[in-house]
Ligand code: HEM
């Protein structure tokens, strides 16, 4: 009779040699070590000099100081809601549902760059608008746009160096002009941005600025043709430069926006600019020539504001690589770095909110929210 637990005969007829127990343990240990090593490498612990998202965000924190619960860059801002009315023209470039004729709800956020949520509005000449389009097929399109058509730097490493160069000197509380000058001299790619900022006074309002996606993206149409595209939203409200009185005010941008919205919604046109072969897609410091085809895809309508402490935008990570089918990121190296850095900033601020819900019961300037 065969004992109930006798080993089964090996059908191949070869010798089923058992693997030794220490060898098995060593193999398991090696896999665990490799996994731990992989995590440690990804976190940057093995290569402290490597540029990682946590390192970039640590540097933002070192430059602006601790502001728990707030975005590590573009920290000062407010939430907005509205919609996008597509006229259907964008469908010639992308089969994304947002370009079919009709209305798409939008939540967004106006902000000024920098890591301090109570900085004066004049602390930067740049304003920003981030948008989340909620498409009818359940997809989302998220974008973060600045009020300059070019970015200051070409690579994430340069961005990091610029951040270090702008770190306030403890003696003066302001960036050391010599360090900034040295950074700009060593990085001539920054010249188009500097020229643009010098020749364009900041707008008097968030409502009369144009906002540019800056990075290139790839649009694929219904026939499968892919083209490089950059987008911008251009205001119906005529541009006017910042006034002398506004220069002296700390928080004029939010007050101005609320006042304008009391008289009705504000509108921008979404313009899609199509690259020609050879136009750079991986360098956000370079504009494409002015004669490139432009498609007016419809109207962005902003209807109301809410505070960033309790509005819809608080819990949105405006990661620019979250795009619907029909749009894809280009080879611009800033895009992957932005995605990683925004995720790190989002993780830290939402964790702080969860652990300390009281931080958003008052706004950074002390007013109740
Ligand atoms: C390597 C380059 C860049 C890095 C590391 C970086 C980093 C960041 C970080 C950490 C945030 C805060 C995100 C959050 O917590 O939600 C942020 C916000 C933002 N960035 Fe960038 N950024 C980069 C390039 C750019 C570029 C090229 C643009 C313009 C096209 C841009 C536009 C914005 C906007 C509009 C916001 C505000 C988003 C919001 O209102 O929530 N950034 N950036």
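Cβ atoms here come from the backbone N, Cα and C positions, even for glycine.
Those TrEMBL annotations? Automatic predictions, nothing curated.
Here TrEMBL gives transmembrane segment for one range in the set 25-46, 47-68: that range is 25-46. In sequence order, 144, 317, 318, 319 are the residues of the chain that are 6 or more apart from residue 342 (heme binding site) and have a CB within less than 8 Å of its CB. There are 25 other Cβ atoms within 10 Å of the Cβ belonging to residue 74 (active site).
Counting only same-chain residues 6+ beyond the ends of the compositional bias 'Basic and acidic residues' (349-361), those with a CB under 8 A from a CB of the stretch are 68-72, 309-310, 314-315, 368-369. In the three-state DSSP reading, residue 342 (heme binding site) counts as helix.
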